[in-house]
Amino acid sequence: IFYYLKPSSPKQVSFSWHQDAVTVTCSDLSYRGLLYEVQYRSPFDTEWQSKQANTCNVTIEDLDAEKCYAFRARVKAMEDAYGSDTYPSDWSEVTCWQRGETRDSCPEPRTPPKPKLSKFMLVSSLAILLMVSLLFLSLRKLWRVKNFLMPSVPDPKSTFPGLFEIHQGNFQEWITDTQNVAHLHKIAGAEPEGGPEESLVVQLAKTEAESPRTLDPQTEDKQASGGTLLLPHQPPLQGGDVVTLGGFTFVMNDSSYVAL
């Protein structure tokens with residue numbers, strides 16, 4: 001029978017206040033080996049606080065008289081007397097006290113209201129977001145217009161190789177050096193000189209009899225000594241054009257041609 005023992009709830013529970021302490025009493029049960037437990041809490045406590053005694057005369061100290069407290073009591077059987085399979089009694093009716101007087105209930109503490117997002121802040125946030133979006137679109141449109149009206153200038157480093165690396169931006173030196181290199185390449189790839197294109201052939205279809213010319217003694221001396229032969233200046237013949245090639249003068253008429 002001890003294994004199924006469950007005491008009855010405390011009866012005639014009374015409270016006696018003494019400034020910051022209260023004494024809870026009730027009628028004792030006619031059994032030994034019992035514990036009387038009293039629990040209390042205020043609206044500011046998250047859990048019940050407990051105190052127990054061997055008799056139903058429990059004093060609780062260090063209470064705030066300005067606060068409202070809820071009390072409840074029950075009876076438990078001691079394990080060393082009745083074993084571990086016994087059950088505590090049901091809780092007594094909860095009683096609320098404040099300043100030594102009973103209360104129907106303890107008011108819940110007022111919690112600070114949660115900050116709500118005001119309409120002004122909401123509208124301001126939306127306006128700022130809209131302005132940032134419009135600014136971004138405007139900058140993108142302006143960038144496109146700028147690229148259309150003023151296209152980007154190509155980098156001269158890629159267009160003129162060696163202008164900045166070798167000539168430090170001196171365009172005159174760069175263009176001179178480039179022309180010299182191009183001229184050397186042209187000479188290296190050109191055909192050997194000589195050929196019928198560089199020979200000058202002047203043929204006369206119709207020759208005229210030349211009159212014998214006499215050389216003066218000075219001319220004969222120069223010719224004999226190996227000097228340059230200077231021909232005397234002769235007036236142009238009638239009916240022809242005078243052509244000078246390589247220091248020689250020819251008279252061209254309608255029946256003559258020049259082959260280069």
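Note: Cβ is positioned from N, Cα and C throughout, glycine not excepted.
Automated prediction, rather than curation, is the source of TrEMBL annotations.
According to TrEMBL, the protein has these features:
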type     : residues : note
COMPBIAS : 208-223  : compositional bias 'Basic and acidic residues'
COMPBIAS : 226-235  : compositional bias 'Low complexity'
DOMAIN   : 7-100    : domain 'Cytokine receptor-like factor 2-like D2'
REGION   : 208-235  : region 'Disordered'
TRANSMEM : 120-139  : transmembrane segment
If you run through the domain 'Cytokine receptor-like factor 2-like D2' (7-100) with DSSP, how many residues end up as helix, strand and coil?
4 helix, 40 strand, 50 coil
Grab the pLDDT values for the domain 'Cytokine receptor-like factor 2-like D2' (7-100) and give me their mean, rounded.
88
